[in-house]
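> Here's the feature list from TrEMBL:
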type	residues	note
SIGNAL	1-28	signal peptide
DOMAIN	57-351	domain 'Glycosyl hydrolase family 59 catalytic'
ACT_SITE	Glu200	active site, proton donor/acceptor
ACT_SITE	Glu276	active site, nucleophile
DOMAIN	359-473	domain 'Glycosyl hydrolase family 59 central'
DOMAIN	510-683	domain 'Glycosyl hydrolase family 59 C-terminal lectin'
Amino acid sequence: RRTRRERSWTGMGCAALLWGTILLGCSCAPGPPRVGAAPLLAATYVLDDADGLGREFDGIGAVSGGGATSRLLVNYQEPYRSEILDYLFKPNFGASLHILKVEIGGDAQSTDGTEPSHMHYENDENYFRGYEWWLMKEAKKRNPKIKLIGLPWAFPGWIGKGENWPYDYPDITAYYIVSWILGAKQYHDLDIDYIGIWNERAFSSKYIKLLRYTLDKHGLEQVRIIASDRLWEPISFVMLIDSELHGVVDVIGAHYPGTKTVQNAILTGKKLWSSEDYSTFNNDVGAGCWARILNQNYVNGNMTSTIAWNLVASYYEQLPFGRCGLMTAQEPWSGHYKVESPIWITAHTTQFTQPGWSYLQVDGHLEGGGSFVALTDGLGNLTIIIETMSHNHSKCIRPPLPNFSVIPQRATFYLRGSFYMVETLQVWHSRLDFESGKSSLFQQLHPVKVWKGQVSLDLNVDEVYTLTTLKTGRKCDCPEPPPPQPFPSSYKDDFNIRNPPFSEAPNFADQTGVFEYFVNASDPGDHVFTLRQVVVQRPITWVSDADQTISVIGNFKWVNMTVTCDIYIEKPRDGGVFIAGRVDNGGIYVRRTKGVFFWVFADGTYRVTGDLAGKEILMKGLSGVRDNAWHTLTLNIQGNSASGLLNGYLLWENVTVSKPRNGWAALGTRSFEFAQFDNFHVE
């Protein structure tokens with residue numbers, strides 16, 4: 001419902017000055033009028049609940065996963081790990097998130113790595129793999145009211161019985177997903193609030209209906225279904241013509257909607273969410289993007305929840321979409337992390353609203369550009385969030401942003417209905433300063449008096465204001481984290497840990513396959529505790545996983561290095577493993593990974609290749625390596641030359657390597673096969 005607005009110009013000689021403004025394209029900051037200065041655009045906006053409220057607000061959240069975006073977070077030492085978690089989840093502290101969405105690991109590459117499944121194989125169930133269980137518990141510990149969402153990006157291969165498709169056997173897929181929800185409750189006392197279908201891929205109406213049936217059959221009636229985590233269509237249209245599907249989908253979730261929705265989605269009468277958004281480098285432009293869409297997803301698109309990908313950039317920065325998290329924590333070895341500006345932009349909304357509040361019915365477009373939303377708890381509290389982000393300072397990574405202009409302006413809000421008696425509003429302010437680089441973030445200003453139901457603000461460009469009746473806001477004044485340090489230039493891991501807190505060894509970032517701690521009960525003693533690659537069938541993939549498995553580690557800037565590791569091929573005849581250096585790629589681009597790869601195979605041969613795919617052969621020969629026996633591989637790369645040792649003896653040398661010039665260390669297998677690694681050392 002559009003409200004009546006009045007437009008006026010402050011200052012004398014409006015017509016002449018208006019003409020001057022258009023002619024010269026000039027504008028002025030708020031303040032006392034100057035001789036010859038352009039007038040400040042002034043407009044009024046009525047906030048009234050007398051005729052009822054707008055849509056119910058469902059909260060602001062972020063995604064961990066899709067994939068492996070929190071990989072390095074778990075390896076932080078205390079107190080730094082808890083500080084990071086506080087900034088994300090603790091109410092009235094930092095981002096104070098209302099929603100945490102996690103990947104249901106599917107053993108496959110899902111952007112920045114693979115996340116392990118709770119069921120690698122048909123007869124296998126383990127609800128302690130990976131780190132999403134831990135993260136959900138840490139979030140709940142800080143905010144018991146936080147909403148939890150699970151969504152698969154990929155699925156273990158057995159679900160498709162050899163086909164790269166999860167819907168041929170929908171009863172199996174539904175059983176697999178419901179097992180994850182039941183495991184969350186049984187093993188971690190976590191209640192999952194919402195479940196998704198298949199991230200950014202096709203949906204099956206038959207599967208969605210079967211999923212609802214399976215949930216209900218297991219007493220999970222309270223779990224809501226989000227579909228389809230892709231675009232508004234075709235899900236909205238199909239729901240309009242299929243009443244049964246309409247009855248089982250609770251939320252239509254679209255990704256990167258550009259603040260717009262479609263008519264069919266509105267016609268369904270369902271909750272509309274931007275169930276993944278942002279995905280932008282977390283500097284001040286990223287903060288501008290986030291500020292703009294947090295408001296305009298509702299103002300332009302009726303979306304009552306916005307969820308950022310991703311929660312925290314805790315993955316090697318040179319992987320795809322480096323630093324596209326609300327904050328950065330990619331150095332567990334040093335303890336360094338950075339509370340980026342998007343955290344404080346989030347706080348402008350999250351610290352002064354809660355899921356269950358309602359938006360007011362008001363057209364939130366500001367006359368001079370920018371937007372505002374107003375929300376109430378229905379008990380007399382009011383929160384207004386205003387943003388004036390300029391076009392070039394608020395571009396998100398996608399979709400393209402049409403041109404618009406924002407100018408300094410005076411906004412006057414008339415509080416009507418139950419808000420007429422409000423006397424004072426608390427004020428929180430951020431200004432993104434792109435000239436000096438010294439932005440002012442989430443600062444509490446003096447409260448403003450409401451005079452006869454009226455309050456005015458002079459708004460500059462690239463600002464965020466929160467006006468609220470709540471006095472609970474807080475900006476943590478915490479100690480600085482340690483300074484940044486590169487990954488240690490000498491690093492060892494013997495994997496000798498009897499009860500590891502996590503299933504994966506620290507700092508290894510799996511890019512295809514899953515590498516887990518393993519207890520080798522049959523070993524006489526030297527190799528009881530190892531690292532084992534455990535995915536033995538190609539998963540139902542989300543992107544193009546490699547045909548080989550690989551886990552990377554270290555400093556991407558490394559040039560000269562020596563990598564040593566004990567290896568154990570488990571697959572007879574055509575099994576094989578490698579160690580590598582100068583590895584230059586991962587994530588969604590893992591198939592095109594280059595580097596220096598030293599392979600040994602169960603048939604007694606070896607190869608040196610310049611790529612993970614094994615097509616660029618630099619050297620090959622006989623090694624005498626066999627399966628089901630331990631061997632030690634050493635790869636030495638210095639300048640343009642590489643050499644390799646087997647069990648301490650030189651096997652090959654003088655292999656010329658021109659590129660890549662630098663990269664990570666890595667280990668992996670020839671195919672989806674069992675293999676073990678021990679006593680890893682990189683220098």
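Cβ atoms are placed via backbone N, Cα and C, with glycine included.
Given the structure is predicted, the values throughout are model-derived calculations rather than measurements.
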> Please report how many Å separate the Cα atom of Glu276 (active site, nucleophile) from that of Glu200 (active site, proton donor/acceptor), as a whole number.
10
> Just give the helix, strand and coil counts over the domain 'Glycosyl hydrolase family 59 central' (359-473), going by DSSP.
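DSSP classes over the domain 'Glycosyl hydrolase family 59 central' (359-473) add up to 3 helix, 52 strand, 60 coil.
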> Sorted by position, what residues of the same chain at least six away from the residue listed as 'active site, proton donor/acceptor' have a C-beta under 8 A from it?
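For the residue listed as 'active site, proton donor/acceptor', the qualifying residues are Asp229, Arg230, His255, Trp542.
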> For a quick check of packing: other C-beta atoms within 10 Å of the C-beta of Glu276 (active site, nucleophile), how many?
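The answer is 27.
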